[in-house]
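Q: The annotation transmembrane segment is assigned in TrEMBL to 7-40, 46-65, 77-98, 104-125, 137-158, 164-185.
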């Protein structure tokens, strides 16, 4: 039954909030962010790497459950990418503060996300709301960011020498982030000029 696919969670006094299991997994991923930050700040990189891998597994699991058992929700459509972005940005900022990665790449990654959020808000203010749909280059950029973060955490946590992979992945993140910024700027300008965005 469709009702069996959802869980009633106690909310305000006398009320229950009905959420799906995938959404609960996603919320757990968001709640794990402070722990990951603590681990990195405390130089407990093995713990941070383990939590990073666990977050990746949970992301795959909630996606599978949502599709396989028809448990997709509008809330989940917003929560899942939000959880990924909060985790990635938090890891980059923490790694930058501990000087595990160059701070310029942290600034680049965070600036891109702030730019996108600012552009979306501005489009709403100007009464021309732009659809929030990731471009292909943005998806590639996210994958590169995740792989680089995992490589840094893994190499530090397991005390391995990543060799040429480290500068190669850093270059990939840099190039794809810049391309993503350029692509979003082009799409945003086109949308604001014509009222239609092609993604």
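One-based numbering along the chain as shown.
Placement of Cβ uses the backbone N, Cα and C atoms for every residue, glycine included.
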Q: Short question: which residues 6 or more past the ends of the transmembrane segment (104-125) have a Cβ under 8 Å from it?
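A: Residues 85, 88-89, 92-93, 95-96, 132, 141, 145, 170, 173-174, 177-178, 180-181, 184, 188, 191-192 contact the transmembrane segment (104-125) from elsewhere in the chain.
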Q: Near the transmembrane segment (77-98), which same-chain residues lie under 8 Å Cβ to Cβ, leaving out any that are not at least 6 residues past its ends?
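A: Residues 22-23, 26-27, 29-30, 32-33, 36-37, 40-41, 43, 48, 52, 55, 59, 62-63, 105-107, 109-110, 113, 134, 142, 145-146, 149, 152-153.
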